[in-house]
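A.B. asks: Sharing a structure below in C-alpha cells format, with a few things to ask.
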C-alpha cells in the first residue's frame, strides 16, 4: 500500500513513523540552543557548585527549628495542609463521580461524553497552581481560592480515571438491566458501584496524595496557609536554611507515611 510501512502484522502510516524522530530532533535542537545561550552568560561555576554543596549540607545535615516556628505551630500548619487536601479530594471525588457517568461511553450518549471529556481535558491541561492563581485574582488570595482551584483540577482528573473504570463494565450487563426496566439509579447501584468501587477508592486516595503535595506548593505560592506557607517564609523572609531543612524533612516523612498507607490500602482492596 502507498505511504504505509509494515511492522509485524500492523501497517503504520509513514507520517506516524517519523513523528517520534521529528519530536526528538526539535527537543534536541532546543536543548543545544539553550546550552549555547547559557554559555554566553558569565557564570562562576566553581562558586555555584561550592554554594550548592554548602547550603545542601546545611539543609539536609544540620536542620534546626528556630523560634519563628514552634512545634505546635508546625503541627498545626501540617494539619491545615492535610485538611485542605482532604476537603478538595472528597469534594472533587463526589462531583467527579456523577460527571464520570456522563463521560463513560457505555453509559451516556456520545454527545454528552464528548462535551464532558473535552471540557475536563482542557481543565487538566492547566496546572493546579495556575487555577489557584486565577481564582486568587477573581476571588481573593487565601484558602478559598486554594480550595476551589484544587477542586477544579481534582474533578477533571478524577472524571477521566473514574470514567475509564466505568467503561470496564460489560455493556451487555447494562443493556440487560435496562431491558429488565432498571432506571439510571438502578444501573448505578447494581452495576457501576459493585464493579468500580475498588478502582474509585484507589484512585481517590492516589489523588489525595497529589493534593497534599499541591497544598504544600499552593501554600507557598498563593498564601493559603499550611506548611507550605511556613516553608516560603523560612526560605524567602528569614533566610533560615536550617528551618527549611526541618520543614522539608517533615514533608518528606508525611509523604512517605502516605505512600505506605496507600500501599496497604491497595493491598487490602486487592485481597477483598
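For all residues, glycine too, the Cβ spot is worked out from N, Cα and C.
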A.B. asks: If TrEMBL is the reference, give me the range from 2-20, 21-39 marked as transmembrane segment.
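C.D. replies: The listed stretch tagged transmembrane segment in TrEMBL is 21-39.
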A.B. asks: If I go by TrEMBL, the feature transmembrane segment sits on one of 40-64, 115-139. Which?
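C.D. replies: TrEMBL lists transmembrane segment for residues 115-139.
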A.B. asks: Write down the single range among 164-183, 244-263 that appears in TrEMBL as transmembrane segment.
C.D. replies: 244-263
A.B. asks: I'd like to know if the transmembrane segment (244-263) touches the transmembrane segment (212-232) in this structure, counting it as a touch only when three or more C-beta pairs sit under 8 Å and are separated by 6 or more positions.
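C.D. replies: Answer yes: the transmembrane segment (212-232) meets the transmembrane segment (244-263) with 3 or more Cβ pairs below 8 Å.
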A.B. asks: For the transmembrane segment (184-206), find every same-chain residue at least 6 residues outside the stretch whose CB is under 8 Å from a CB in it, and list them.
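C.D. replies: Residues 89, 93, 97, 101, 107, 158, 161-162, 165-166, 168-169, 173-174, 177-178, 262, 265-266, 269-270, 272 contact the transmembrane segment (184-206) from elsewhere in the chain.
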A.B. asks: Looking only at residues six or more beyond either end of the transmembrane segment (74-103), which have a C-beta under 8 A from one in the stretch?
C.D. replies: 65, 112-113, 116-117, 120, 143, 146-147, 150-151, 154-160, 162-163, 165-166, 188, 192, 200, 204, 207-208, 211-212, 214-216, 218-219, 224-230, 246-247, 250, 254
